[in-house]
């Protein structure tokens, strides 16, 4: 007891509750070993002291290890041999990835809304479906068929829609309300009309017609654009309508139309901010024949902004004038959110975007670590390629988001300085649309990637297993299918391309046949195009492709799926996620039971440890009682010192009451927590764990209970001290105590065996001495007769045998009385036979054993 620390010095060792860890202050309790095996505990304390000296380095190592664990994945950790680590890592990856996916979805849904569709729909209805006169309701931009129709649209619905200067009661609007479309959408800058032309003789006239056809204007191509001034350029030198400007001069961009892809160059004219000047401009262009034979495309561009919903609508109306004559209209309405951060919700999206950037950095580090570990084999996995694609798309989108914000600010600043010029948002809106498409692809891939984290369940791998197993069969089928399908595509294009719109080009024919597979077809169009070949083509295609090839495809999938299903029926999941959560739930219950049982033991110790019934519990009584229950010295010291406030090594009545009150409160809290987890009722396993703490004096049966107890408690989690959890420390201490007891018993038995071996050796020597006496007696009686010699020998032998028999009976009785097993519980006692007493007779008796 002299080496034990004072209570005041170790009072804080138990300040976190009985179910928590033991602090390092209690290590000093192990410095007073009482048996030989205690030296191992002292060595453990010495090792702990050494670790404390290197605490700084250890803390830094732990910090680095913690940072490194943030990027722990199934590909960076050794999870092949540890299924629990495998599922823990998978769950951690899945949870982190779900957070990332939620952030990504919040960002994407914050970029778009149903309002965008209605805004686009309103603008399309206004500019595409408004007729230019009441008598002809079909006369709108969608149904343009000639140059005259285009001018009717330009002088009527276009100007009326762009410049709404009167209210619905025909009253003029005030000055500050002008420049709005539908009274809500502000027209930014002024509209622009631009045309592209091809020069004369851009194609070659056949020699038979050269005599009376002098001009030839080919279909549009950028190489044959007419870059020379035309029309009234001499009289209107300052007008841009009659001169050609390159794409760089106009800061324009190319456009993919119905017939061709057009450059951003051409001749242009900007309309005014009011209706009357704009009407004069349109009328002047009409009168001076601005659209001529060489004209191949006319663009009408403008941008509107709705402040109510913070959306831009960038409009481009295109009238293509093919070399065949007539007009083919097309249009583009891009509703985009160029000003991203206005409302509170927008700033919430900004916060999510910042978190998204952090996630991208996190996954970049993760992929770099995986590439560093697996080298080129990393790129063999489909999921790894998917990760790289998502990261690349995300980085590009982040870069464009920054560019778009800066570019919009510049354009709006220039527009506010000069609101009467054309404001070109076409290119920016185009890339904003591409940005939205890229984000959509990233979201799609991100959702698909969830299969990577749920692939440990056999049900979730049926799709990938089926496709993987039938990949070769599908590849062979695809070759056969594409040959037949392309043959029918070419046949349809050649047979009906001149009469049926769906077969007017090879691309249209290709997609039309796919629609026929899905049941979307117009048989009467084919029949009208060719009354014989049309029905034959349709029936052959339906028979070979629909009835034969498609059913072959389904048969391949069905057969492979049946095989996969059969194999998986007998297979076992790599790791049942339900089992993992069940195991964690049981661990939590075990931990609660463990804490509760400790409190019960301490409460019993308070009632039974006071042997002299003086209502004063000293430390010796406390230690003896808890030691019999299997607790270690450090733990006993910590529990006692917490409540020994005065440091006198005695718990008085008041201190005992305070301990009982604290124990009752902790027990009630544990009971409530247990009931919340598992409902009300008895706690399974409590009796088993309590019995496992029986005193080590019960014998070897305690070892079995300790093994069982260690099987549950050693795996429990708890706050650790020097890397060992409290529960593991308690179990190990208990096992060390029992090991000391067992070693004492074994040593006693070994001593008994050594004594027996020593006695046997002495018995051999005694027999030799006896035989020597007999021989000496025979030698000394040379003068006697043979009969006398025989009688003397018989007498000596008989006496010796009687002596041996008597010594044998006495020795056996003595050996039984000194059996080592009977005193195994007395440490330090070594029962020995009388052979060690030094008495020759006793030695001779012991030799009979």
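Heads up, the Cβ atoms here are built off N, Cα and C, so glycines get one too.
The feature transmembrane segment, as given by TrEMBL for the ranges 435-454, 575-594, 595-614, sits at 435-454. When pLDDT values are averaged over the domain 'EF-hand' (597-632), the model yields 74. For the transmembrane segment (435-454), the most Cβ-contacting stretch among 339-364, 385-403, 474-496 is 385-403 (pairs under 8 Å).
The DSSP breakdown of the compositional bias 'Basic and acidic residues' (786-806), given as helix, strand and coil counts, is 21 helix, 0 strand, 0 coil. Taking the Cβ of residue 203 (disulfide bond) as centre and 10 Å as the limit, one finds 13 other Cβ atoms among all the protein chains shown. Its own atom aside, the Cβ of residue 216 (disulfide bond) has 17 Cβ atoms within 10 angstroms in the protein chains shown.
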